[in-house]
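The structure appears below as structure tokens.
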């Protein structure tokens, strides 16, 4: 027995034509694949807004020569240790580092961690990417 369900939807011609162009540009094999992704994205937005369980990555670049920055980064990560699964540290050059922090937990808490890191002087760029944890 299949877990897939079929259903029909009605859309205006302009909307479906625009959607078909999007599907082609993104390289989807079918409308169904594209719709599944859109539904997942919307459900993730809802989960995040409601403070649900999410997983993701915080990716940041920073200047490790900035005074006390490395110690502040470590302190903040320890303050949120229950959310952090792992970290990967990459030396980009003599001054710049890339850090990838894998996270899992309550969406608002992960956003607090991300914000606490982002505002530190010496952090050049930070991006938070979240996904469903289930």
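From the backbone N, Cα and C atoms, a Cβ is placed for every residue, glycine too.
As recorded in Swiss-Prot:
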- 78, 89, 91, 97: Ni(2+) binding site (BINDING)
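Where Swiss-Prot records a feature, it is marked here on the structure.
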residue	record	Cβ contacts under 8 Å, 6 or more apart
78	Ni(2+) binding site	none
89	Ni(2+) binding site	97, 98, 99
91	Ni(2+) binding site	97
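Neighbours of residue 97 (Ni(2+) binding site), defined as other CB atoms within 10 A of its CB across all chains, total 20.
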